């Protein structure tokens, strides 16, 4: 295959991966919003456990059918990943409860510089001046769009700090483990989803009761609510898979930067579904800045020297079949 054809095929696959992630991520936000706001299912951690249980079922069926090959992930790496991932989920839920919406959004934005720091320190990645500036433009634009009231308290700051670092580490490890052990997205999900499902389904009801003062076993599971729960779990399989595909193909930083396009789309869809409230001139201005920054980042990071590894190679272990 000619180099240009390979490049075109890679670009097409990259675009398809991003579109898959955007569609599933925006879809699950809309479904979960309806489930929680309209039908009162406020058990976010337990719902996430159900998401991973559904993902586990999917990877198990695919393995039984022969579509996913057997692979190996050492137990210490698996436990480390699950620890970061679960702290990320719990930290985000607690941060949202203890902080103002404005500070919660600011905390989410800091995941990009934290992810950059992890790549610089652990992977010896060097960013060009244009790449750094483009990331700053994205942060500015999304901040203008989403940050409103900002108030900080000690316990909220601690929760946000844990959420930001655990999420950044979890996304870094998605990329690291796929490269280090030559794992596909399905392979990695097959290893991590069962452990996350079991731990979150055990922890979730207690955490949700602490956060909401409501018990998940006493919820009124009517037909409509069950339909939305099943829909949420089904879309979550695609969301989990697409996240691993995107971070595996790119990096945690690129996933975070371009992933803010989902924030823009959610704001736009909220305008069409719920009217003009919340979409004013400064929000539109922020969207334009953010999108311009994303385009600049894509162009700057793809240029020679835009984002490169400095004489540092990662040892690769081939997957083991059994």
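Cβ atoms are placed via backbone N, Cα and C, with glycine included.
The structure displayed is predicted, hence computed values, not measured ones.
Feature annotation from TrEMBL assigns compositional bias 'Polar residues' to 313-322.
Among the features that TrEMBL reports, domain 'Sugar phosphate transporter' is placed at 23-297. Averaged across the domain 'Sugar phosphate transporter' (23-297), the predicted model reaches a pLDDT of 87.
What TrEMBL lists as region 'Disordered' is 301-322.
Note on the transmembrane segment (12-31): residues 228, 231-232, 235-236, 238-239, 242-243, 245-246, 249-250, 258-259, 261-262, 265-266, 269 of its chain, located 6 or more positions outside it, place their CB under 8 angstroms from a CB of the stretch. If you look up TrEMBL, you'll see 12-31 (among others) marked as transmembrane segment.
The transmembrane segment annotation in TrEMBL covers 43-66 (among others). Within its own chain, the transmembrane segment (43-66) is flanked in space by residues 32, 35-36, 89-90, 93, 186, 189-190, 193-194, 196-197, 199-201, 203-205, 207-208, 211-212, 214, 216, 219, 229, 232-234, 236-237, 239-241, which lie at least six positions past its ends and keep a Cβ under 8 Å from the stretch.
Residues or ranges marked as transmembrane segment by TrEMBL: 78-96 (among others).
Outside the transmembrane segment (133-150), and at least 6 residues removed from its termini, the chain residues within Cβ reach (under 8 Å) are 100-103, 105-106, 109, 112-113, 116, 127, 253, 257, 260, 263-264, 267, 282-283, 285-294, 296-297, 299-301. Marked as transmembrane segment by TrEMBL: 133-150 (among others).
Residues 77, 80-81, 84-85, 87-88, 91-92, 94-95, 98-99, 103-104, 107-108, 110-111, 114-115, 118-119, 122, 188, 243-244, 247-248, 252, 255-256 of the same chain lie 6 or more positions beyond the ends of the transmembrane segment (156-174) yet place their CB under 8 Å from a CB of it. Feature annotation from TrEMBL assigns transmembrane segment to 156-174 (among others).
The transmembrane segment annotation in TrEMBL covers 186-206 (among others).
Per TrEMBL, transmembrane segment is recorded for 226-245 (among others).
If you look up TrEMBL, you'll see 257-275 (among others) marked as transmembrane segment.
If you look up TrEMBL, you'll see 281-300 (among others) marked as transmembrane segment.
Long-range neighbours of the transmembrane segment (226-245) within the same chain, counting only residues 6 or more positions beyond its ends whose Cβ lies under 8 Å from a Cβ of the stretch, are 17, 20-21, 23-25, 27-28, 31-32, 34-35, 39, 41, 47, 50-55, 58, 174, 178, 185-186, 188-189, 193, 255.
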